[in-house]
């Protein structure tokens, strides 16, 4: 569906082409993607239920973890079902307004996710550097305000994106070589200058990604200084162990995110499109899939709560019989 004018933009659709060059193996590629999506649904919903159910997990660290799980569910659900429809049923057409909505939710909630990771780093900083004042500093009202501010920052900064895209004339192909509507993938189809889109995208990346990473880096620098100053090796080990799951979550989230960001803007001719699109999908799938597993393995309180929950259900089942 090629067009010679821009009238189709407001009323017709784009074509999501999946992973170019790998069309013959789309079904096989879909299998690990679908498996990871199912694991992410089960893992994150289970984690949110566990945190809600167990009073011992009603602490700031686990409230932030529940927020992270909910955001992970939203981001992967925004794109994965659409990708699976492309892989399985060759349903590639997406309405222009639906494309803009997908773009908004995708970028908005990935921005919120970055903010939650920053809040979790600040939580670890307070817990390790000011353990005696932890409960008085991170009260429920403070947590609610921090979560609301993070949500509003992510959403408000993304509102201009759909409008910036909608103003562009599209007089070339309407085929997007991707599995979802990413901002840069869409604007590259325009036959007008996209300088404003690129500048605003970089500005948002600085205000969210770079700012959050700087805050995380400062928090962990202070944590490292506090831990090193501890006299007991057991205390140092315990302090470090409380941070390993969060550090793993940061690596899982930011490494593919930065690869996707920089290849879109600076590596378009050196990185194969198929590799870029696969990593872009993994960027949305890996955190929801691995975060519940990492926190389940690395966090003793969560492991104990899972065992307690299953033992309680087992006892209830025995009593009912």
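Glycine is no exception: its Cβ is also placed from the backbone N, Cα and C atoms.
TrEMBL entries are annotated by machine, without manual review.
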Have a look at 168-197, 198-227 and point to the one annotated transmembrane segment in TrEMBL.
198-227
Counting Cβ pairs closer than 8 Å, which of 142-165, 198-227, 239-262, 274-295 has the most of them with the transmembrane segment (62-89)?
274-295
Hey, which bits of the same chain come close to the transmembrane segment (27-50), Cβ under 8 Å, at least six residues off its ends?
19, 57, 65-66, 69-70, 72-73, 76, 80, 83-84, 87-88, 278, 281, 285-286, 288-289, 291-293, 295-296, 302, 305-306, 309
Counting Cβ pairs closer than 8 Å, which of 101-122, 142-165, 239-262, 274-295 has the most of them with the transmembrane segment (198-227)?
101-122
Given a Cβ distance threshold of under 8 angstroms, which distant residues of the chain, six or more beyond its ends, lie next to the transmembrane segment (274-295)?
18-22, 29, 33, 36-37, 39-40, 43-44, 46-47, 65, 68-69, 72-73, 75-76, 79-80, 83, 106, 110, 113, 177-179, 182, 245, 248-249, 252-253, 256-257, 259-260, 263-264, 267, 302
Given the model, what does the mean pLDDT over the domain 'G-protein coupled receptors family 1 profile' (43-295) come out as?
91
